[in-house]
Every structure is written in structure tokens, then in C-alpha cells.
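Asker: Take a look at this one; I'll ask things after.
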Amino acid sequence: MQRLTLMVICLLGPAVQEAQSQCPDQCNCLPNLQHVICDNKGLKEIPQVSESTNLLNLQRNSLGSIPAGAFSESRGLISLHMQHCQLTEIGSQAFKGLKKLTYLYLSNNEISSIKPGAFEDLTKLTYLYLDGNQISRLAKGIFSPMINLFSLQLSNNKMRELRPGTFAGAKNLRWLHLSGNELQTLQPGSLDDVENLAVFHLDGNNLSAYPSAAMSKLRVVEELTLGGNPMKTIPDYAFQSFGRYMERLHLDNMGLEKFSDDAFNGVTAIKSLHLDNNRLKALPKSLKFGTITNMTLLNNPWNCSCQLNSLRKWLDSIESRPDAVCATPPSQRGKQISNSTSMRRCKEKPKLPKRRQQH
Ligand SMILES: *[C@@H]1O[C@H](CO)[C@@H](O)[C@H](O)[C@H]1NC(C)=O
Ligand SMILES: *[C@@H]1O[C@H](CO)[C@@H](O)[C@H](O)[C@H]1NC(C)=O
Ligand SMILES: *[C@@H]1O[C@H](CO)[C@@H](O)[C@H](O)[C@H]1NC(C)=O
Ligand SMILES: *[C@@H]1O[C@H](CO)[C@@H](O)[C@H](O)[C@H]1NC(C)=O
């Protein structure tokens with residue numbers, strides 16, 4: 001920076017007020033310096049850019065850390081790109097002054113530590129990308145300045161648990177991506193601050209039990225992915241608190257053996273359900289097929305008895321029928337469910353009580 005300033009003084013003499021409006025060494029600047037592109041330029045320090053810059057791309061430079069106030073003269077930034085910068089730590093007040101920043105990309109670094117106050121001043125931030133780092137814990141309230149945060153990308157880190165207060169203040173969070181961490185528990189209360197989540201990705205973690213207490217605070221989840229967690233059962237009322245909104249549910253590759261009878265209570269809008277690569281023999285009565293248009297069922301040991309009759313009817317009713325093969329009883333083994341003969345004489349259970357009343 002100093003070098004640049006000196007150079008400008010030499011060139012322009014007293015007219016140095018405009019020093020900050022020069023394009024930083026080695027970077028490419030688009031008209032009026034609104035976009036400053038320093039992608040893969042071997043930079044070791046963060047360049048100062050003028051207040052008129054709204055996009056700064058620093059990808060692929062080995063920056064290591066972000067000193068406090070690094071962006072103090074770059075107050076106009078809306079979008080800041082720092083992927084692949086070998087960052088290991090986000091210090092306190094790293095982004096001080098960036099009150100207009102809306103997009104912050106910190107993916108694919110080696111960040112293991114985010115100091116309290118790291119995100120101070122980021123009141124406008126809407127999209128935060130922290131995926132592909134080494135984050136194992138997040139201080140209580142770390143996101144609290146971000147009252148406008150909409151999307152938080154934390155996939156592929158080393159988180160082992162979620163604790164209450166982690167998302168304090170991030171009341172508008174709608175998309176939370178936590179795929180590919182090492183989560184074993186979501187503590188009760190850990191989601192209380194983000195009750196409006198619409199998209200919640202938890203696939204590829206280490207959850208061995210469905211975190212009912214934490215999940216029951218969510219009200220409007222539309223998409224939930226739990227694939228790849230070693231969960232053997234889904235308990236009663238698992239999705240009840242957001243069942244009217246849930247359209248997409250991924251429960252694939254889990255070693256899932258059983259749904260409790262009331263697991264799907266309250267689920268009324270589901271369109272897409274993924275159950276492939278589990279150990280399921282049956283589906284619970286609480287699962288209503290009426291709204292489903294996309295389902296995967298492959299690689300489960302389905303027991304082709306009357307319990308699967310409503311599934312068979314659903315399979316008959318749709319055009320692109322997914323593969324689903326019977327494992328038992330022995331006479332049906334290897335047959336497609338829709339071709340199984342063991343459900344021919346199944347009774348229509350739901351209507352029986354009414355008929356009895358009428359007689
Ligand atoms: C998953 O959790 C179990 C304990 O529940 C632990 O033994 C195992 O090491 C964990 N695996 C990973 C990849 O974290
Ligand atoms: C069904 O859902 C899967 C996973 O979301 C998607 O990849 C696929 O395209 C969908 N298929 C249809 C027919 O919508
Ligand atoms: C399959 O379902 C039938 C009828 O409910 C039951 O009697 C049988 O034990 C089940 N078989 C297996 C392997 O679970
Ligand atoms: C279903 O059965 C029919 C007649 O038995 C056979 O032609 C067809 O290939 C079977 N379909 C599947 C998907 O197994």
C-alpha cells in the first residue's frame with residue numbers, strides 16, 4: 001500500500017487525495033474501479049481499494065489472516081471473494097466498516113478459529129460462505145450482527161455438535177447448510193433462534209438419533225436432507241412442527257430400519273421422498289402418498305405384504321415408476337413391488353370403521 005501511495009505521489013504530486021482510486025498493483029479494475037479483480041496474483045496482503053469499489057475478488061492468494069480493519073477504506077464493498085486464500089483464522093473486527101457487505105465468500109480455506117466479534121459491522125450481510133474449512137466450534141452469538149443473514153453455508157467443516165446460542169440474532173436465516181460435518185447431536189435449543197429455516201441440509205454427518213427436541217422448534221422447513229447419517233429409526237412426530245411445509249425429504253443411505261408408526265404425522269405437502277439404500281421392510285401408515293411425485297426406494301429389503309399395499313397403489317398410479325424390489329416373503333423375492341402378487345387380496349383398512357358404524 002505504502003509503495004502504491006508513494007508511486008502516486010511521484011506521479012501526481014499534490015493531487016494525492018485520489019490515491020485510493022488507483023487500481024492496486026497487479027489487479028485488474030473494471031470501469032470506475034467498481035470491480036477490482038486480483039484473482040491468483042500472488043498477493044500476500046490485502047490491498048486497500050476505494051470506497052467506490054463494490055466488488056473485490058481476492059481468490060487464490062495466500063493471505064493467511066485478515067488483520068483487524070483490513071478493509072477500513074473499502075467501505076463500499078457489497079461482494080468480497082476470499083476463497084482459496086489459505087486463511088486459518090478470522091480475527092476480531094476483521095471486516096470492520098463493511099456495513100454494505102452483502103456477499104462474503106470464505107469457502108475452501110483452512111479456517112479453524114473465528115474470534116468473537118469477527119463479524120462486527122456486517123449488518124447487511126445476506127450470504128455467508130464458510131464451507132470447506134476446519135471449523136469445529138462456533139462461539140455463542142458469533143453471527144449476531146447479521147440480522148439480515150439469509151443463507152449460511154457451513155458444509156464440509158468439522159462441527160461435532162450444535163449448541164444453544166450458536167445462531168443467536170440471525171433471525172432471518174432461511175438456508176442452513178451443514179452437510180459433511182461430524183455432527184453427533186443438535187442440542188435441544190440449538191435451533192430456537194432460526195425457527196424460519198426453509199432449507200436445512202444435515203446429510204453426511206454422524207447423527208445416530210433424530211434430534212427431535214432441536215428440530216421441533218422449526219416451523220417452515222421445505223427441504224430437509226438427512227442422508228448418510230447412521231440413524232436406525234425415525235421417531236413419532238419427527239416432522240410435525242413443519243409438516244405442512246415440507247416438500248422434499250432425503251433419508252437415503254442411512255441404514256434406516258424402521259419408521260415409528262406416527263413418524264409422518266402432520267406431513268401433508270411432501271412431493272419428493274428419498275429412501276434408497278436403507279434397510280426398510282415397510283412404511284408406516286402415517287405416510288400419505290397423495291402429494292408425492294418423486295420417490296426413490298431402491299436397495300431396501302421390502303416385505304411385500306399388505307403393509308405395502310398403499311405404496312403399491314401409488315406405484316401403479318404414476319408414470320415413471322421407481323425401482324422397488326421385494327426381499328420377502330420368499331415367493332415374491334426379486335419381484336418389483338408393483339408386480340408382486342402378495343397384495344392382491346389386501347383389505348382397504350381405512351374404510352372399515354365407517355362401514356361398521358353405518359350398519
Ligand atoms: C461417529 O460417532 C461415534 C459415536 O457415536 C464415534 O464412535 C465415531 O468415531 C464417529 N465418527 C466420526 C466419523 O466422527
Ligand atoms: C427427483 O428428485 C431427485 C433428487 O432431488 C432429482 O435429482 C430428480 O431429478 C427428481 N426427479 C424428478 C422426475 O423430478
Ligand atoms: C412381513 O409382513 C408380514 C405381515 O405383516 C409379517 O407377518 C412378516 O413377519 C413380515 N416379514 C418380515 C421378514 O418382516
Ligand atoms: C412385471 O410382470 C410382467 C408379467 O409378469 C413382466 O412382463 C414384466 O417384465 C414385469 N415387470 C417388472 C418391472 O418386473
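From the backbone N, Cα and C atoms, a Cβ is placed for every residue, glycine too.
TrEMBL lists these features:
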- 329-343: compositional bias 'Polar residues' (COMPBIAS)
- 344-359: compositional bias 'Basic residues' (COMPBIAS)
- 22-55: domain 'LRRNT' (DOMAIN)
- 300-347: domain 'LRRCT' (DOMAIN)
- 325-359: region 'Disordered' (REGION)
- 1-21: signal peptide (SIGNAL)
Asker: Quick one: DSSP breakdown of the domain 'LRRCT' (300-347) into helix, strand and coil?
Answerer: 18 helix, 7 strand, 23 coil
Asker: When the domain 'LRRNT' (22-55) is classified with DSSP, how many of its residues are helical, how many are strand and how many are coil?
Answerer: 3 helix, 6 strand, 25 coil
Asker: Would you mind giving the whole-number mean pLDDT across the domain 'LRRNT' (22-55)?
Answerer: 91
